[in-house]
Amino acid sequence: MLWVIGINHKVEVDIRQKFSLTKTKLQEKLISLKKLADEVIILSTCNRTEIYFFSEEYVDIEKIFTELDWDRRYMPLFYIYKDKDCIKHLFEVVCGFDSLLIGEEQIVAQVKEAKDIAKQVGGKNPVLERLFEVALKCSKEFRTKARLNEHPITIASVVGKVLKESNIRKIAIIGLGNIGFLFCNYFKNSDVDKVFLIGRKNERIDQFVKLYPGKFEYSDKKDAISEAQCLICSTSAPHAVVHKDDIPDGKNLLIFDLAVPRDVDVEVYKLPNVKVIDIDQVHKMDATSREIRISKMQENYNIIEKYIDEFIEWLGFRQYRNLIIEVKRHAEQLCKAQVKYLKNVDSREREEVERLLIRMANLYIDRAIEVLREAHKEGSGEICSNLIKRIFLK
């Protein structure tokens with residue numbers, strides 16, 4: 001059974017942040033959830049926390065909440081999709097249908113990262129890995145055909161528009177991960193005067209400091225906040241990193257808190273000259289090309305349907321994997337047995353003949369597999385598989 005349990009941007013950020021997982025915590029939970037299901041992948045972003053499962057039996061949601069130390073009172077806020085609905089949901093997510101910024105592209109990298117982390121930490125996930133790979137393949141074709149690059153949208157472009165309208169030219173960025181990099185990449189060609197970088201130095205951010213030395217510079221948090229007109233927060237910390245004491249008395253400051261959990265302490269929201277805009281409010285500012293993107297995406301929805309059918313067909317055909325393995329194993333044994341009858345040949349020649357026989361046998365088996373695949377599509381897979389058993393195994 002294939003299914004997903006999740007919570008997304010339709011639930012307010014104050015509640016959503018309770019279920020957000022840091023990278024370290026995510027890795028820990030992947031291991032613990034493997035006790036409940038054969039395969040697990042966790043997708044955790046600022047807009048959603050989703051857990052994808054593949055197992056022979058459905059896992060009770062209460063057991064999942066217990067394993068994750070989540071408050072069961074919030075269970076009604078979570079959605080659950082099974083089998084085809086689960087496949088459809090992931091494909092819509094990676095294609096941008098389920099994003100607050102409709103059609104945004106950052107989700108593609110996040111889906112890929114979720115797949116990779118699960119592989120590194122949780123071991124083999126053959127079905128879920130295939131699901132995520134097909135979803136990413138679908139997204140690539142969908143975005144190309146829908147020509148979404150002609151109407152790009154990112155958090156950086158939405159925030160940048162606000163800064164331009166407010167004539168803000170000095171910005172501080174706290175959190176130099178993927179979101180921080182996205183903003184640096186956006187600001188390098190903008191007309192802002194200064195970008196103060198707060199956080200651990202890394203190679204990706206270093207390039208901006210080296211190529212644009214007058215615009216980008218690393219800075220201490222308090223010094224940067226004192227100089228800046230705007231603070232952009234996007235760390236992955238499990239707690240607040242900007243506090244009331246970090247803001248000079250009476251300072252006018254615009255803060256974009258893009259982190260989940262929040263980077264900005266609640267006391268900062270109460271400061272009279274400080275305006276804090278959270279991630280959900282930023283997403284609501286996207287209006288310029290939203291309708292155009294929605295129209296283009298709906299026109300190309302058939303691409304998603306095509307890939308859904310492709311994956312369902314693959315998943316259904318998977319029931320024959322043990323038969324295929326057994327047929328190939330049996331054929332190899334027969335080939336090796338026949339080689340024993342060869343006389344007047346040395347060991348090297350015997351090995352070459354054995355390899356040739358196995359290769360020829362596999363050619364016939366591969367053709368039988370193709371016939372089985374066609375029969376499966378037509379609904380007669382069981383009849384065909386029984387014939388293959390009679391021909392190759394009896």
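Heads up, the Cβ atoms here are built off N, Cα and C, so glycines get one too.
Small disclaimer: the values here were computed from a predicted structure and weren't measured.
According to Swiss-Prot, the protein has these features:
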type	residues	note
BINDING	T45, C46, N47, R48, S99, E104, E105, Q106, Q110	substrate binding site
ACT_SITE	C46	active site, nucleophile
SITE	H89	site 'Important for activity'
BINDING	G175, L176, G177, N178, I179, G180	NADP(+) binding site
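Overlay of Swiss-Prot annotations on the structure.
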residue	record	Cβ within 10 Å
T45	substrate binding site	21
C46	active site, nucleophile	25
H89	site 'Important for activity'	21
S99	substrate binding site	23
Q110	substrate binding site	18
G175	NADP(+) binding site	23
L176	NADP(+) binding site	23
N178	NADP(+) binding site	14
I179	NADP(+) binding site	23
G180	NADP(+) binding site	23
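Overall, the recorded substrate-binding residues T45, C46, N47, R48, S99, E104, E105, Q106, Q110 cover a maximum inter-Cα distance of 15 Å. Using Cα positions, the member of the binding-site residues G175, L176, N178, G180 nearest to T45 (substrate binding site) is identified as N178. Secondary structure at N178 (NADP(+) binding site), as computed by DSSP, is helix. C46 (active site, nucleophile) falls within neither a helix nor a strand when secondary structure is assigned with DSSP, and so counts as coil.
Taking the C-alpha positions, the distance from E105 (substrate binding site) to I179 (NADP(+) binding site) comes to 12 Å.
Apart from T45, C46, N47, R48, S99, E104, E105, Q106, Q110, the substrate site neighbourhood in this chain, defined by C-beta within 8 angstroms of the site C-beta centre, holds L101, I107. Taking the mean position of the Cβ atoms of G175, L176, G177, N178, I179, G180 as the NADP(+) site, the remaining same-chain residues with a Cβ inside 8 Å of that point are I173, F181, L182, F183, G199, S234, T235.
A separation of roughly 14 Å, to the nearest angstrom, links the Cα atoms of G175 (NADP(+) binding site) and C46 (active site, nucleophile).
Taking a C-beta cut-off of under 8 Å and a sequence gap of six or more, G177 (NADP(+) binding site) has these contacts in its own chain: S234, T235, S236. In the three-state DSSP assignment, the secondary structure recorded for E105 (substrate binding site) is coil. If you compare Cα positions, S99 (substrate binding site) sits closest to I179 out of the binding-site residues L176, I179, G180. In the three-state DSSP scheme, Q110 (substrate binding site) is classed as helix.
Here N47 (substrate binding site) comes close to N8, H9, R16, S99, L100, V260, I279, H283: these same-chain residues lie at least six apart in sequence, with C-beta atoms under 8 angstroms from its C-beta. Note: the Cα of H89 (site 'Important for activity') and the Cα of C46 (active site, nucleophile) are spaced 18 Å from each other.
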